[in-house]
Amino acid sequence: MSGQDEHATESTHLSEERSQSVKLDPRRAVELLGVTLVGILGALMIGFVALDWLRHYPSLGTLPTTAFEQFLIAGMWADYVLGTNVFQHPFMWRSIATGVLVGIVGPLVGTYLVHRQMALIGETLAHTAFAGVAIGLLVIGLTGFGGSLMFVALLVSVVGALAVQWLTERTSTFGDVPIAIMLTGSFAVGTLLISWGRGHVPVTIDIEDFLFGSMAVVTADGARMMAILSVAVVAIVAVTYKQLLFITFDEQAARVAQLNVSGYNTLLVVMTAVVVVGAMQVLGVILVAGMLVIPVAAASQVARSFRETLYLSILIGQISVLGGFAFAIGSSLPSGGSIIVVAIAFYLVAVAASLLAGRSAAISMH
Amino acid sequence: MRNEFEPGAFTHGSVQEPTCPKRTIRSGRTKHTHLRERGEFTVSSIVDVQNVTFSYGEKLALDDVSLTVDEGDFLGLIGPNGSGKTTLLHIMLGLIGPDRGSVELFGQPVEQFDQGERIGYVSQKATSRGGTMPVTVRECVRMGRFAHVGHSRLSDEDRQIAEDALETVDIADLADQRINQLSGGQRQRAYIARAIASEADLLALDEPTVGVDAESRDAFYRLLDSLNESGITIILIEHDIGVVTDRANRIACINTELYHHGDTESFVESEALSEAYGATGTVVHHHH
């Protein structure tokens, strides 16, 4: 009995030490600080998008308009100090806001996708969204429908997501064949529709911007949609973090534990579609999967736990977006490629770090 | 608790029953009588499989299999490769539905079963994802509490239960390690700890010691014994028949059909083994 007591005391000491070491761990503190800063940045960007929206409603008074103008005046000062011609323009802020939000929700959803070995589903859904853009252009051109192009793209992408989910459930795994069929198929439809549409409706949008990403392509509608969807995605992941983790880690055991695996899979795929449509605006169809995959791959090299993977992915994603924007603005190059190149630089650093730590052999990313 | 183990102690007072392939034999065990009442159900057996048939396309995997697992049983499920063991386990757990026949889990039809927290499952494939994903042992074990809390946060009590489970399987010192940095034996302990943390009444294990060294394997099976002693029902798929006959108190031997279902003594005396394995050839003998 006394032996047991001794053991119990010892284990209490151990757990106390452990909890203290968790509290005092500087690495964890830095990560939490970083994630908090990213959160604040995200909230600011959502605030900007909200002002941009509310200023069109005069019934709300002059406050939104005034605040919005003050924001742009601050941007002018920033331009003056930095010698740039960026921050005084609302359209640049819309792009930056969309990019910042993509830098949060992309890696957030991507963490689950990568570890479910579904990395390419993001690419597929981007191509579906491209078909959605084509359909949207036609619908708007032919019917004069006044809705947002990105909203049509979102709808088509979500339908595509459900179709991929339906196909993969019937081929028993997330095999890559249905994904490849969906990817090429929807892109084929998109190119056909756009070519056909050119002869019938005036196409005012540069398709290249959608393929390769551009800071000029983000509309007020697009930014607003991204803000709303980002809040929704973060909220959903916060609520279903545990279930998504369990399913990602051990799907069969999660099934046995009576989790609605099929439901959560559908949720994850639909969230992916949502993120992809947002990300497509700044990254372009072809590069969009990078934001879902590369920050997560980098984080997984060095992270010590799943939660840390999630935090580091978001941090790396966010720094990639901001760094990519800075590079794109500085050198007048497309934002999509810049962001992905910065992210890949992080990935290479992470690989080097984990090689130095001598544990890369234990990690094999798909 | 772990020290109470005696090798080969599978005599849990089973009632001797005749060997009778392809027919349900109910165990007479009454040692663990703390059957819980859930709702309107009074549970009589943990798993009740009745006349289950299943085929993959044209290939018959299970033919009219019936068996029951009672509370406190340690059932060894054996059979040659491709004999339908894993399929049968998956059907028992509701992972796949049978073509014909019915399954009850804890007295509930398996399709309506909703007490997922009562089952701990360690699949054959459980280790593959753990090989790539950055998940710590503690995160893995806490998953055992997920079915209990739903979308709410884990409480301090849930965390404590997970820590206790880590202590039970002796890997508390590895709690912050990534699963993929563990040896095979340690990894399996982590999965068992997850099942313990879920406070499962039934532990289902599908060849849990593949790729685990002999010493860790023995320790692992001693752990299973002590869990079984504490009243947890165990279903174990194992290719090593020696391990099963040493530890399980009941054996189900299948090769598409059920060749034996009953207590271990009658299995050892019966011809079921050679009948079941005869069709496909070899029996691997291990010496421990």
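Using the three backbone atoms N, Cα and C, a Cβ is placed for every residue, glycine included.
Copied over from TrEMBL, here are the features:
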- A:1-20: region 'Disordered' (REGION)
- A:29-51: transmembrane segment (TRANSMEM)
- A:91-113: transmembrane segment (TRANSMEM)
- A:125-143: transmembrane segment (TRANSMEM)
- A:149-167: transmembrane segment (TRANSMEM)
- A:179-197: transmembrane segment (TRANSMEM)
- A:227-247: transmembrane segment (TRANSMEM)
- A:267-298: transmembrane segment (TRANSMEM)
- A:310-330: transmembrane segment (TRANSMEM)
- A:336-357: transmembrane segment (TRANSMEM)
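Listed stretches A:91-113, A:125-143, A:267-298, A:310-330, A:336-357 were compared with the transmembrane segment (A:179-197); the greatest number of C-beta pairs under 8 angstroms is found for A:125-143. Through the fold, the transmembrane segment (A:227-247) approaches residues 42, 45-46, 49-50, 97, 101, 104-105, 108-109, 112, 116, 154, 253-254, 257, 259, 261, 264-265, 267-268, 271, 274-275, 277-278, 306 of its own chain, all at least 6 residues removed from its boundaries and within a Cβ separation under 8 Å.
Distant neighbours of the transmembrane segment (A:125-143): 149-157, 159-161, 164, 182-184, 186-187, 189-191, 193-194, 197, 200-203, 205, 210-211, 269, 272-273, 276-277, 279-280, 285-286, 288-289; these residues of the same chain sit at least 6 beyond its ends, with a Cβ under 8 Å from one of its Cβ atoms.
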